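Below is one structure, written out as structure tokens; comments come after it.
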Amino acid sequence: MTQFSFTLSATDGAARTGVIHTPRGEIRTPAFMPVGTAATVKAMLPESVRATGADILLGNTYHLMLRPTAERIARLGGLHKFMNWERPILTDSGGFQVMSLASLRKLTEEGVTFSSHIDGSKHHLSPERSMEIQKLLGSDIVMAFDECPALPADEAAVAKSMRLSMRWAERSRDAFGDRPGHALFGIMQGGVTRELREESAQKLKDIGFDGYALGGLAVGEGQEAMFSVLDYAPGFLPADKPRYLMGVGKPDDIVGAVERGIDMMDCVLPSRSGRTGQAWTRRGQINIKNARHMDDPRPLDEACNCPACRNYSRAYLHHVFKAQEMISGMLLTWHNLHYYQDLMAGLRAAIAAGRLSAFVAEFHAERAAGDIDPL
Ligand SMILES: [Zn+2]
């Protein structure tokens, strides 16, 4: 059986390209992971997600443990079979979403109890329970259970939270055990403080993980603050393991993160935007409900090869959005995911060819040339 492993094939400055090998297939890096919150990437069939170029999906422990429950998914053969996606799946630990979605949270050293945002029922998550749930789901890449403090938080609160997350990382490692073919990633915390990031990275390296995530970013600190952390934090992590920046982001966030040595990212943005009439293109963000598209026979993006751009005009996309037809969210989501995966493929090729800076310059020039709608 193929074991979990990571091969770096080229670097360009701090940026890297390579392949993560798993028993369920290869993940080309830098990789963008579409989010399949409730065992579906909203408005997309799994084969359509794959057709955009996605090698891996993200599933949410918090949502799946509440509905339909991890135990039910396990009885039905695991998450891959349940949602008809046979390629790799990464699941988050539930920690972040408990903090952002659940109510009546009670946080202790042991873990967190909370009430479901769906029906108010009471639940518990801890490092051990999170590892159990992610095993029941059958995910290929399991995330350590951590706590992300709500912003704004002072440095003392960030430090206290980070050290709790590091104790939980150790418990996650112990509870995960030895599972050949499956990977466990640790999550670096420490906010925007260099010393805390370094302390967190050292602790995670001492424990030892198959990959390392950067948590506590893209939570409202702004792009400039995020990039300033990414200027140094990836360098605290082992060069021979994947680095995953959680919850990022907009296309320019992704490009900046890849330039700084990030290998994996995830975000709901391309799929969520697709359902609200927003299209991301190489020439900027298009708001399809804007009246200027009403008579426009052109596609969203002439250079895009997705079904929405090959077969439909902006006028049609405007019409079906206005008429609240389901195909509107389907086509715009497909386009957005296709654009994101095209961007990742372009980044990978540029790094492999040693011409990332030229690629990034062109990326910014095309956006500046502009086709951007006011929101
Ligand atoms: Zn398109």
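Cβ from N, Cα, C; glycine included.
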Binding-site annotation, TrEMBL, Zn(2+): partner of C304, C306, C309 in H293, H318, H319, H335:
H335
In TrEMBL, the residues D92, S93, G94, G95, F96, Q189, G216 are said to bind substrate. Which of D55, D140, D146 is said to bind at that same site?
D146
From the ranges 23-29, 247-253, grab the one TrEMBL calls region 'RNA binding'.
247-253
Taking the recorded substrate site as D92, S93, G94, G95, F96, D146, Q189, G216, identify the other residues of that chain whose CB atom sits within 8 Å of the mean position of the site's CB atoms, giving them in sequence order.
M99, M143, A144, F145, E147, C148, S165, I187, G215, M246
With DSSP, how much of the region 'RNA binding' (247-253) is helix, how much strand and how much coil, in residues?
3 helix, 0 strand, 4 coil
Anything from the binding-site residues S93, G95, Q189, C304 with its Cβ under 6 A from ligand 1? List those in sequence order.
C304
Spatial neighbours, same chain, of G216 (substrate binding site) - Cβ under 8 Å, 6+ residues apart:
C148, P149, V158, M188, Q189, G190, G191
Which one is closest to G95 (substrate binding site) in space, judged by CA to CA distance, out of the binding-site residues C304, C309, H335?
H335
Coarse DSSP state, helix versus strand versus coil, of C304 (Zn(2+) binding site):
coil
List the residues in the vicinity of the Zn(2+) site, defined as same-chain residues other than C304, C306, C309, H335 with C-beta within 8 angstroms of the site's C-beta centre.
P299, L300, D301, N305, P307, A308, R310, W334, H338, Y339
